[in-house]
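In what follows, a structure is listed as structure tokens, so that the remarks can point back to it.
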Amino acid sequence: MEKMRRPVLIIFCLCLGWANGENQVEHSPHFLGPQQGDVASMSCTYSVSRFNNLQWYRQNTGMGPKHLLSMYSAGYEKQKGRLNATLLKNGSSLYITAVQPEDSATYFCAVD
């Protein structure tokens, strides 16, 4: 008998795509529904007048944001547990390997 895979819900993007003068940050996709064990992938793009760093955050319902990792220069790749992130000149991608039900949350990036 084939084991049924349970869907895992990950809500991505506070949809903050905030803008401040010339600075903009946009997220995609707005919603993910990967299966348990899959790789979830999300990205943010940005257009800023000055870049210092990019941070990825996770926020569970009813809780404050939790910092996941920081990245400082284009071409940078960082791994932390099941999280893997890449930083390009105008964007970043976050990957969660072996997705689990407890990964369900809102994920977003912020640029400083």
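Each Cβ is built from the backbone N, Cα and C atoms, and glycine gets one as well.
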Check for me: which candidate out of C13, C109 does Swiss-Prot give as the disulfide partner of C44?
C109
Considering only the recorded positions C44, N84, C109, which residue has the minimal Cα-Cα separation from N90 (N-linked glycosylation site)?
C44
I'd like to know which of the glycosylation sites N84, N90 has the most other Cβ atoms within 10 Å of its Cβ.
N84
